[in-house]
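Q: Submitted below is the structure of interest, expressed as structure tokens.
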């Protein structure tokens, strides 16, 4: 476990540590300690002596309480030799007993945690654990996780282990610690449903990298590791060329039935479609998604709806997670920031809202937060640098060019510079530290104009116009471009889409969607751009499709359960309770996301 050593340190303060004496008393006793007055104990470590007061040491450590009060120790004893600790660490321990603060650095955190554990000083243990959480990175996550084998740090262990699972692909590329895992440790990691990999190829490649580090001693472990890969979810070409023909696999008798079972499972999936056994078979069971796409509210059946569905991209399945206590809302905005989903503005067929609600997806609770300065239906919402931006919209009387932003820490909305044009039914996103808003309706015509907001100068700048007028548009940052998708041009709902390059200040056309739509949800999940629901010119739709910029193609995804337009989508990554929003792995009847069974209109398979 290595951490970058810096001159700076974190001084941990434990305000909630149990206290036998007041802070004032501790401060007075610390002055007496430093002056060598009224000390009644000497702690001796490797020849170094530390004067102290028994009461102060007992107040923060059960170790010292037992040491000073046990029956076999003379209560009048003054000098105690303490083994198993360095003088530097004992100095920090004693200082903490008096001040309840301790400097924690990359250089001392391991020894300090060991010392705090030895003396049962939970305040320092918690401080070291918080420090190690903040230092987690691709290079040290395995080491930190293993470090917790020796000390009781359950929250740190969980954090480190989930970091490994969530960042597996990137970690494998750079971590020297990965190559030193035991076969059992590697098996335990790659068999987890929470392992965050978009394709199972990455798991197999990680196994090969691990074996290649010590091939003579590790090649026999292929028989233990291969069954933990969801082989039937691989692209067939990769499986045949890279897995079935791999020398380690071919040389292992134990792997032969695994390969046969995988081929059979792949065949069954292609010929017969999904079955109830998909999620019970370890070769076909999709991983849990790292990020959940929420589709919130909208207009359905002639009125607003409170419906919320969660999309599991790894299983290509929607899950109804509607909270019946929540009120219906349409033409609103949604944003995810710092653990919360915010629902902003909108309309319930009677009132135009300036209200904002915040949803905690872990606790599943709703709270009202500060309202906006203006009522905003058809509002455009995006997030940048810990602020939520709300722009334009319709207040029930006029289309707006005003804009404001929300800061969660202060629970306040602040007006920013107004846009150049009035825009309702526009859409916004952020890219490279700037806010982009495109299209919309100004009360007279659908717009093809677009603007960019600079937060440093608080100024809007007009950029190159889109190639089509688009109201009810979907705008999203994807890769290095701003994508403008669908909408209404004043005559028709659109299938067309285009991408803006901030560097060139130009728009280029991309392939059209399968279905025309306006007033739909748009988000990026697993490096795919999803469009969700909307209005096709005749009716609301539950249709969903996704675009891959690498293949420059659109693909069908699983339909929502509810026909709706005027919804809003947002993506929530890294949920601790992701299983509560994902398709159930223990009782599944839906369609697993597989290259072999997902087709575009041209019958091309989903991208690898």
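From the backbone N, Cα and C atoms, a Cβ is placed for every residue, glycine too.
Straight out of Swiss-Prot:
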type	residues	note
DOMAIN	39-106	domain 'BTB'
REPEAT	292-339	repeat 'Kelch 1'
REPEAT	340-386	repeat 'Kelch 2'
REPEAT	388-433	repeat 'Kelch 3'
REPEAT	434-480	repeat 'Kelch 4'
REPEAT	481-527	repeat 'Kelch 5'
MOD_RES	501	phosphoserine
REPEAT	529-574	repeat 'Kelch 6'
Q: Taking the Cβ of the residue listed as 'phosphoserine' as centre, how many other Cβ atoms lie within 10 Å?
A: 13
Q: Would you mind splitting the repeat 'Kelch 3' (388-433) into helix, strand and coil residue counts from DSSP?
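A: Across the repeat 'Kelch 3' (388-433), the residues distribute as 0 helix, 22 strand, 24 coil.
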Q: Determine the mean pLDDT over the repeat 'Kelch 2' (340-386), rounding to the nearest whole number.
A: 97
Q: Reduce the DSSP letter at the residue listed as 'phosphoserine' to three states and note it down.
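A: It is in a strand.
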